[in-house]
Every structure is written in structure tokens, then in C-alpha cells.
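Below: one structure, written as C-alpha cells.
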Amino acid sequence: MDKRISIAIDGPAAAGKSTVAKVVAKKLSYVYIDTGAMYRTITYAALEQKVDIENEEQLMEVVKNVKIEFQQGENTQLVFLNGQDVSEVIRTPEVTNRVSIVAKHRLVREEMVRRQQELAEKGGVVMDGRDIGTHVLPDAEVKIFMLASVEERAERRHLENMNKGFDSNLEQLKEEIAQRDKLDSEREVSPLKKADDALELDTTSLSIEEVVQKIMSIVSGVFAK
């Protein structure tokens, strides 16, 4: 396994991309890049600065002054905004419900994609998001598109929220996830879309271990070539 490849994992909100991507990266001793966390960090910074997130010009001022870094913690990846650990605060419902609005802006996405490509240029990365296989890493050797029903994804997010001590309403989550799907797939710039050469993986009735196993066997096939 000397060959260091790029692995792109795309899919809608709460499909389990990050959880699976982290495990795959760990198994391969690869770098995991959570592109969603990058957009969340920008969203958090904009909200903190009371910026109008519909205003692209104002958002770009925030982006220019934001340095995002990833560090491997004991059991998880830590996200830093200008040196401050924001790993937890970027996962609050307040940020979650606004991140698709921030991510729809062309200039914001262009800058984020530039940074993501820079992080991945040497290979040996597992990157997850909405447009990795289609736009960020179109030449990735492995492309996965993860799917799950809205109900299943809402259940997962509900459990995640409860475990983190956030207030959580399952029915409201179903509505919010459906709304994010709509925003993500209908936006003009890099919409949520399966790459033509991506393998579709419906995770609705699969455990994390089963999904990881499927991806690892796909990766093994690439290494064997």
C-alpha cells in the first residue's frame, strides 16, 4: 500500500460521511479533511461578527481573515479558527442551520476549494463534503457517494445532538435536513451531485463498520491495480 491515493466521500447532510471518512483515514494512516467543518467555521466566524450571511462581499471579508487548521486529537479531529479550538461550537444547531446559506456563495466556495485542493495535493487524503468528487478532487482514485433516507439521517443527527447535550426535536430535524438537501442540490455553484464515476452507497440499513468495510474493499481494489 505504498501508493498514496485521494479518496472523495460525498453525500447529503447527516449521511454519516464524516464518521466513516475518519475511520477510513485512520485505517490507511491518511489525513482526514472535513470540508464541512471548513464551511461551518466560516459560518461560525460570520455569526460571531454579526455579518449578514446573505451578503457575499461581507462574507468574503470574514473569509480573508480566517485561518482554519486541523489537528488530530486523541479520538477526534480538532478544528481551529485563528488558533482557537472551535470543534464543538461549529456543531451547534445555530451554525448547522445556516451553513448551506454560506456555502452557496460562489466566491466563498472558490476560496474554500482552493484551500482544500492545496491540502490534498500530495495525496494520502480522505476528504468528505458535497462536491469533492465532482469539483474539489475530480481526479480522486476512489469516489463514494453516500446516501440514506431523510428519516434515518434525522434519527442519527437527533442521537448526535442528544449525546452532545443540545436540544433536539426529531420532526424539526427531518424538516431541516430536507431543506438542506434542497438548498445543497439546487444551488448554482457546485451543487450536491453524484460524480459520474462515483460508487453509490446507501447506508440506511448499514452500520458504520459495514460501510467502512465496503469502502476499504473498494480501496483495496484500487491498490491491487
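All residue numbers here begin at 1 and follow the chain in the order shown.
Each residue, glycine too, has its Cβ placed from N, Cα and C.
Residues annotated as ATP binding site in Swiss-Prot, with sequence analysis given as evidence: Gly11, Pro12, Ala13, Ala14, Ala15, Gly16, Lys17, Ser18, Thr19.
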Residues that sit under 8 angstroms from Ala13 (ATP binding site) by C-beta distance, when 6+ apart in the chain: Arg153, Arg157, Ile177, Arg180, Asp181, Asp184
Other residues, Cβ within 8 Å of Gly11, Pro12, Ala13, Ala14, Ala15, Gly16, Lys17, Ser18, Thr19 Cβ centroid (ATP site): Asp128, Met146, Ala148, Arg153
Under 8 Å by Cβ from Lys17 (ATP binding site), same chain, sequence gap 6 or more: Ile9, Asp10, Gly11, Gly36, Asp128, Gly129, Met146
